[in-house]
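Student: Sharing a structure, written as structure tokens. Questions coming.
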């Protein structure tokens, strides 16, 4: 492995350590023991849930290929997962609001465990069922847990500002440290121990079962609108009306779809971008480097949120930087001549792109706790899970289209498209800040008018 990879990883690790160890009083928020206990319980569960997800990632494609399926067959399996999330996500989100978020979290565990079990079968139909179950589980992972957390946090009467602490820590650990450890552990089980590519899925099922036991034993139930008079269609209409009638919610949904759509596209494109001529690159080590970059971003986000900086303001910068980093492959393609030989080590263009991609992953680390903070402010409680899954419909549709046409366009065109989407997200974020400030000032003026005594 070339020294360059070690240098990048070491530099990122040093920066993350310095940020975490060098936090001052301004970067810390005084909280209560009751909140700390609540926060630690949620972060433990969230980390277990994410470990169940991260353990599977490195070996999904490889397992399918070991069963003898070609690129087209595997592509259709991936499309089934995103399509399932798009079709069924809103339904399970509405059921979470109506039947209970704790039940939805338990359902996530059961559904994902069943999906893991299907990986033992080499039959295409069984694997397809597993992808459908995985798509449903993904919708619950990115809606039910956050909805439960926000509702339970408010129910217990904790300071709303403390939500940012839980969000930041959950992303720092669940999407950073846990991802790195899970990738290394999956590699240890599959390769070092010789258990094969299905072993990480069995380990994932075990972690999910442990998390489910903690949920059942320590979590309380909460709901959105549990009224018996509201069926699913009524809930859908209510969520759609909330999005259509409140520009802030609509803008938030568009921003989320644009950023996450670009992020998932990046997941599929970073490998061919760094090795266009089949250069030898350490995929696992680069993945760990990306996750370390994400930890750096979440550490920065925790400082920004602790100092009560306006999320709508600094996220404009984050989206603009993201747009630039994903435009780098287009720039390097023109400025750095590609090698005419296949194989070998990573080239100068690849090194520059790797640094840009690490910067993008840092932006991802800032994005997650920040978007969670904005969702907690703008999305109404009674339909939180439903609306959050409404946001995922265009996202999943976009990813399905990209997967279906991944070989139809040059990689530079795909990255250029993502860069445009991220720039659009920055513009919409600016609009969200303007609308939000106007709403706050109008509301403050109304409250002032109500408090003024009537003239005799």
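Placement of Cβ uses the backbone N, Cα and C atoms for every residue, glycine included.
Keep in mind that TrEMBL annotations are predicted by a computer and have not been checked by a curator.
Residues or ranges marked as transmembrane segment by TrEMBL: 6-22, 43-62, 74-96, 128-150, 170-189, 201-220, 284-305, 317-335, 347-368, 411-428.
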Student: The transmembrane segment (128-150) vs the transmembrane segment (170-189): three or more C-beta pairs under 8 Å (separation of 6 or more)?
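Tutor: As far as Cβ distances go (cut-off 8 Å, pairs 6 or more apart), the transmembrane segment (128-150) and the transmembrane segment (170-189) do not touch.
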Student: Answer with yes or no whether the transmembrane segment (6-22) touches the transmembrane segment (284-305) by the criterion of at least three Cβ pairs under 8 A, sequence separation 6 or more.
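Tutor: Contact confirmed: at least 3 Cβ pairs fall under 8 Å.
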Student: Quick one: do the transmembrane segment (411-428) and the transmembrane segment (317-335) have at least 3 Cβ pairs under 8 Å, skipping pairs fewer than 6 apart in sequence?
Tutor: yes
Student: Please tell me whether the transmembrane segment (43-62) and the transmembrane segment (170-189) touch - that is, whether there are at least 3 C-beta pairs under 8 Å between them, with each pair 6 or more apart in sequence.
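Tutor: Checked: the transmembrane segment (43-62) vs the transmembrane segment (170-189), in contact.
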Student: Which sequence-distant residues neighbour the transmembrane segment (347-368)? Criterion: at least 6 residues beyond either end, Cβ under 8 Å.
Tutor: 4, 8, 12, 167, 171-172, 175-176, 259, 263, 266, 270, 273-275, 279, 281, 286, 289-291, 293-301, 304, 315, 318-319, 321-322, 324-326, 328-329, 332-333, 335-336, 338-339
